[in-house]
Structures are given as structure tokens and as C-alpha cells.
Amino acid sequence: MKQDFYEILGISKNATPAEIKKGYRKMAIKYHPDKNPGDKTAEENFKKAAEAYEVLSDENKKARYDQYGHAAFENGGGAGGFGGGGMNMDDIFSQFGDIFGGAFGGGGGGFGGFGGGQSRGRARVKGSNLRIRVKLTLEEIAKGVEKKVKVRRKVSAPGATFKTCTTCNGNGQVMRVTNTILGRMQSASTCPTCHGAGEILDKRPKNADAQGLEQKEETVSIKIPAGVTEGVQLKVNGKGNAAPGNNSVDGDLIVVIEEIKHDTLKREGTNLHYDLYVNYSEAVLGIDKNIDTVSGKVKIKIEPGTQSGKILRLRGKGLPSIDHYGNGDLLVHINVWTPQNLSKEQKKFFEKMMNDENFTPNPSKFDKSFFEKVKDMFS
Ligand SMILES: [Zn+2]
């Protein structure tokens, strides 16, 4: 079992954003690799804390985590791709570097070398994210689906070469010295020439823009886990826009799920509702009916003497929950259609039955009233 994100950061479930940040800072400092050189456990904890913070510091991700737990970021199919897990140290420093403030190193780039002796002076520049909306039918949501979408994204133009930025000597940052009443103050700011990349375009191919990038249409295949809901966002790493330079990382593709309204099935969480209308004779005499489910039609039996308002529960015929806690049910609401246009003969028939003992309502004979049944359903 994966450890709870709140637990990892040592905070309560209703922590404020400031408390979340504080919790992360505490853990990050405690397990910082500079403080625990060569300690694999500390490094794991350091990564865990960053992963927890990545989710809890993002309003959207936090909401999903609070609702679905870790499953919100897992891919049903098991193959990689979606956000969450597997952050590497570079990601951690480029995303959350600022949270450490002056706790380590200090000045210039921040952290000293680590992770195989690499020295890192600057954050890797990340390309912008792209967002697309993907529409899914309830049938697709029920099973999970792989969608191929066309995405126009910026990629490095073939033939583009880069050279070290001379303004910042490849640091991506420039130091500014200002005189204040307290003395000379040094502060770092993003290099105005390379915008933090540390590199500038050397050779610009014909179709490339000034950053050495070009637009390209690409088909991206997206594995969507079963049970997603309207508005859920999935992340496909590295399928957003590229950023200029050899050391940059591509942005991500954010996939926003849209649910296509079903003709006959209504969704309520993992349960589905279906309104079935039967005519008067069918309710009286009983009949078999075909109804829609997310996995095709199924036949159900309407018993003779079925009352309007009866609800049939087809267990497991609803939708799977995204956190794999099983399937919801399909609830079939039976409505008896009262005939409105009657022939003279039919009218006579019903007049004759008006005071017949068998036509007199006797609700106490039913096992449960309609309201009790509804109450049962939600308890
Ligand atoms: Zn520069």
C-alpha cells in the first residue's frame, strides 16, 4: 500500500496551503540529499515528500486525491504515462526549488552536486503544457479506452543547434548587485537573453521559429482508465510543447475528460439509472423487456402485477469506480403508462372494473413503499 500523502508530510487532512508547504519544507530539509549523502532511504523519503507536495499543492490534483486516493493518478492499464509517481530529482528541484529558500547552499543556482556527481546550476526549462478535451461515452468510461488524438505541439526543429548563452555563461541566471543602506546586495534573476535556458539558438533551420522550434502535428495515444468522471484531468508526460535548448524538457499534455450524455442511462457516481415504461397490460400480466446497459442490451423480467415505481437493481451493471472498489449498480425504475385515449369499449371495460375488488389499491400488501425503497437504495 502506498503511504498517505498527508501522512508523508506529517500534516492533517484539513491542512491549509501554508501548512502543506510548511510540512513539505520540513520533510525536504530533513531528507535533503545534501544532508544525507549516500543514504538511499533518505533519498526515497525526499522523493516521496516531493510527490506528496506536487499533488497537495495543486488545488486540482488535491481535490482528485481527496476523492479517489492514489488511484486518481494511476493508470488502469498499468502502462506508464500519467502524472503522479516517478518524479526524478531534476523535476523536484525545477518545480519546488524555491521552497527551500536559503536553507541549503545559497546564492546563484542553489544546490550543490548530487545524484551521480552532476552539478546543476540552473533549473531545466520546461515547455508549456497543452490541454485537450476528450469526449467519452458511458460505454467507453465503463471499460476504459485508448484514444488516439491529434495534437499540434511545438517540437525542436530538426537541424536546430544551440550554443551556450554568453550573457549568463549558461547559468540561466544573472546576478545583480545593488547598493542599499545595508550595503551591497546580490540577487539572482532570470537571464534576459536566454530566458533561463542557458542556451541560445545557434543555427536556425528554415521552418523554425526564433527559438528553434516548429509546429508539428502528432498522434498521441492516451490510455484512459475505467471509471473516470467529467472534468477529471489526466497528464501525459512530455507531450506538451517543447522548450528551446538541448537541456530543456517538453511540457505535458493535460487531457480533460468530458462525458457524452447517454440517450437512456443517467449516471450518478458509479450507479446508473434507467427509466423503463411499461404499458398497463404489461404491468398487469408481466413481460420480458430489453433494456440498455453499458455493455449492451439485457433482458429483464417484469413480474405479473408489477407496481409503478418499483425499482429493479441489477448488481454490478453500473460503472466501475476509478479506485477499483468494484462496480456500481444499474437501477431500473418501472413506470406504468396509464392509457389516455380509450375507445368506447375500453372505457366500458375500465368502468366495469372501477369498483372491482381486484382493482382496489392495497398498498400494505407490498413489501415496501416507494419511499422506503428509495431510502434503502441510498443507505
Ligand atoms: Zn542566458
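Including glycine, each Cβ sits where the backbone N, Cα and C put it.
Values in this document were obtained by computation on a predicted structure and should not be read as measured data.
Its Cβ placed at the centre, Cys191 (Zn(2+) binding site) has 21 other Cβ atoms within 10 Å. DSSP assigns Cys191 (Zn(2+) binding site) to coil in the three-state reduction, placing it in neither a helix nor a strand. The Zn(2+) binding site feature in TrEMBL is assigned to Cys165, Cys168, Cys191, Cys194.
For 4-69, the entry in TrEMBL reads domain 'J'.
Across the range of the domain 'J' (4-69), the DSSP-based residue counts are 46 helix, 0 strand, 20 coil.
Residue environment of Cys168 (Zn(2+) binding site) contains 24 other Cβ atoms, counted within 10 Å of its Cβ in all protein chains. Ranked by Cβ neighbours within 10 A across all protein chains shown, the binding-site residues Cys165, Cys194 are led by Cys194.
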